[in-house]
Every structure is written in C-alpha cells, then in structure tokens.
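Working notes, structure below.
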Amino acid sequence: MTFDLQYTCADCEARAGVLTTDHGAIETPIFMPVGTVGSVKAVHMHELEEDIRAQIILGNTYHLYLRPGLDVLRRAGGLHRFNSWERPLLTDSGGFQVFSLAENRKITEEGVTFRSHIDGSKHLFSPESVMDIQRVIGADIIMAFDECCPGDADHDYARRSMLLTGRWLERCLKRMAETEPLYGHEQQLFPIVQGCVYPDLRRRSAEMVAAVGAAGNAIGGLAVGEPTDKMYEMIELTNTILPKDRPRYLMGVGTPINILEAIARGVDMFDCIMPTRNGRNGQLFTWHGTINIRNAKWADDYSPLDPEGTSYVDSRYSKAYLHHLIHTQELLGLQIASIHNLAFYLDLVRQAREHIRQGDYRSWKTAMVRQLDNRL
Ligand code: GUN
C-alpha cells in the first residue's frame, strides 16, 4: 500500500493524495459509504460504481462475524468475492459496534465479552480474535481493536481506556505479524487514536500510534456526544502528531460541514451512516442545505430532485415523486434517497479535492460551510 501526497494547501492543513491498494487506487480526500453487513443499504454495487462513483466501501467486523459468520465468508473466498465489490474495502474492528450495540458487555485486559444483539449468544472479542476475523473477511484496510469511550467520560476513565487501547494495539500488531493474508492481496492495519476530549491523552495516544509507523492512521472516539468545537480541536491537535506522509482517517464523521472542516485540518478519509440512514428518513443533503422531503411543501414540487446533483436519480425523479414514495414507505424511495445522498457526499469530497489542487480550498470551504448550513 502506498500513499502519494500530491497537493497541500498553503493556508490550511488540507491535502490531496492517492492511496493505492491491491484492489485499486483511492483519491483522497475520500468518503467511504458504510456497508455494515456487506451491503450498502438499498444500493446496488453497480450504482456505487457507476452513479455514486465510490472508490472504497466499509464493512463491520462485529456484524459480519455474527452474520453470515466466518465459515461462509471463508468458503466464499472473502468479502470481496462474497458481495462482488472488486474495489478497495475497509473493515472496522468491532471496537465501536461492540460498545454501541452488544448487550452485557464486560471489558477486561483480555478483551470484551458480550452478548449478540441478534440472539443473545455470548462471545469474546480480543485483539487477536479481531485480527483473525478481519483476515477471514479480507478487507484491504483493517482497523485495530480499540475501546471507543463516551464523549462525556471523565479524565481517569478516558486515560485508562486510552492506555488499554494502546496495549491492545501492540497485541494487534503482533498477531498481524504472525499471520498472513488469506486471499493473496495485501492487508494493512490502521491504528486508532483515542483519548476522548483531553488534550494530554490525545497527544499521548497519537504519539503511541505515530511510533508504530503504520500505512495509515485513524482518529476515533469523536462525534460521540462531545461539543463540535472540541471535536475540531482534537482533530487539529492529533494531526500535529500523526505523520504527514500517511493517510488519516476520521472514524464515523459526519455532516458535510464536519467533513469540510476536518479536511481543512488535515483529514483524508471519512465514513458515516448519515447519508444512508438519514436518507432513508427523508433527509437529503444538497449544496444549498438539507431538505426534509417528508415536509408538505414538497408534495407539489415537480422540479428535479437536485438540479446540481450528479447522479441519475437527481434529474430523473422529482421532489414530489420522492415525497410520495417516502410517505408511502416504498422501497424505491429508500433507494433514491440513498443514491442521491451518497452521490452528494462523493461530490463533496471530489470538489474539495479539486479546490485543494487549485489552491483555494480554504476560501471555498468558508463559502460552502455557510451555504450547507441552510434548511430548505
Ligand atoms: N467508528 C466511529 N468511531 C469509532 C472508534 O472510535 N473506534 C472504532 N473502532 N470505530 C469507530
């Protein structure tokens, strides 16, 4: 895996580059659609490739381990073959889902025991088992097993949690060194910086992560209930320590504005369920702000869904039609909204990249943030 940093801004930390994996290249900054159980909800692979122009998608270790399970994934030849996505894949480690979804979880030095949210069955995730599972899934980029502590954790809890994540990272690295990829393509482990909203903890965690010299690094534990300003402050601080010549991935963030602000602070990769989940609830993201397509004001609006949108749904369907589909809970409505929103998120990062290349990212970002903040 290589990262070729091509452009850097003179008046902010924004950068544009190309991350190359065995399944192809990714132009950064990039947004990665979330495909939790191996499918980006309501969207075909063909649409991801041709309409949304996604370059990399995500899968979740926690979900894929529970269903379809490792035997199926192994026999299928890994997730790429199972779901027929031939471009790069990244899997999250379960270090977030186990804390947000699983029941009766218990954290020890060894790992986390939990009960499945599906059938209540009992499981243990350890740094070693999570590396083994991610070997079977076979993503190009795999994430370290971490504890994502809540945004309102006190300093003592956040410190112990960050240190535990650091010890787990050492065990992840050891396991990766002892094992081989199963399907002939390279897999790279990205460590995750934690430390909640405490600058001293973030600094220490970022130093531990930077010392590993990984192919890329992630910032976790943000957008979990802390104020937005704190989130930006932590990103800024962390990126003064993480190596400049490796991609930086901000996990689980965020709104279009969050993404533009994080790019200005040196982040290269993003994922978030917002475009798909909010889309299924009728929230559409556009260059002029967000639309709640459920509102009565759209019932009689026969103009195109989004005249500035680049996917075919934007010109083919009207606002009134999508209003009707969402109200009648038609499956097609979920599909149209998801395709529109994902295409918008990919346009957003594509435009960001273009402005970084042109050298006017900072002023463009300031104007866009004002525009995106509207509710239409
Ligand atoms: N997704 C969003 N935040 C996090 C995090 O802190 N850790 C992991 N593993 N995944 C995340």
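Placement of Cβ uses the backbone N, Cα and C atoms for every residue, glycine included.
Curation plays no part in TrEMBL annotations; they are all automatic predictions.
Keep in mind the model is a prediction, meaning the values are calculated, not measured.
Over in TrEMBL, the protein carries these features:
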| type | residues | note |
| --- | --- | --- |
| ACT_SITE | ASP92 | active site, proton acceptor |
| ACT_SITE | ASP271 | active site, nucleophile |
| BINDING | ASP92, SER93, GLY94, GLY95, PHE96, ASP146, GLN194, GLY221 | substrate binding site |
| DOMAIN | 12-372 | domain 'tRNA-guanine(15) transglycosylase-like' |
| REGION | 252-258 | region 'RNA binding' |
| REGION | 276-280 | region 'RNA binding' |
Candidates near ligand 1 among the recorded positions ASP92, GLY94, GLY221, judged by a Cβ under 6 angstroms: ASP92, GLY221
Helix, strand and coil counts within the region 'RNA binding' (252-258) (DSSP): 3 helix, 0 strand, 4 coil
Helix, strand and coil counts within the region 'RNA binding' (276-280) (DSSP): 5 helix, 0 strand, 0 coil
Separation of alpha carbons, the residue listed as 'active site, nucleophile' and GLY94 (substrate binding site) (Å): 15
Coarse DSSP state, helix versus strand versus coil, of GLY94 (substrate binding site): coil
ASP92 (active site, proton acceptor) and ASP146 (substrate binding site), Cα-Cα, nearest whole angstrom: 10
Sparsest-packed of the listed recorded positions (ASP92, ASP146, ASP271) - C-beta count within 10 angstroms: ASP271
Same-chain residues at least 6 apart in sequence whose Cβ lies under 8 Å from PHE96 (substrate binding site): ASP146, CYS148, GLY220, MET251, GLY252
Rounded distance in angstrom between the Cα atoms of SER93 (substrate binding site) and ASP271 (active site, nucleophile): 14
Additional residues surrounding substrate, by Cβ distance to the ASP92, SER93, GLY94, GLY95, PHE96, ASP146, GLN194, GLY221 centre under 8 Å: PHE99, MET143, ALA144, PHE145, GLU147, CYS148, ILE192, GLY220, MET251
Distance [Cα-Cα, Å, rounded] between GLY95 (substrate binding site) and the residue listed as 'active site, nucleophile': 15
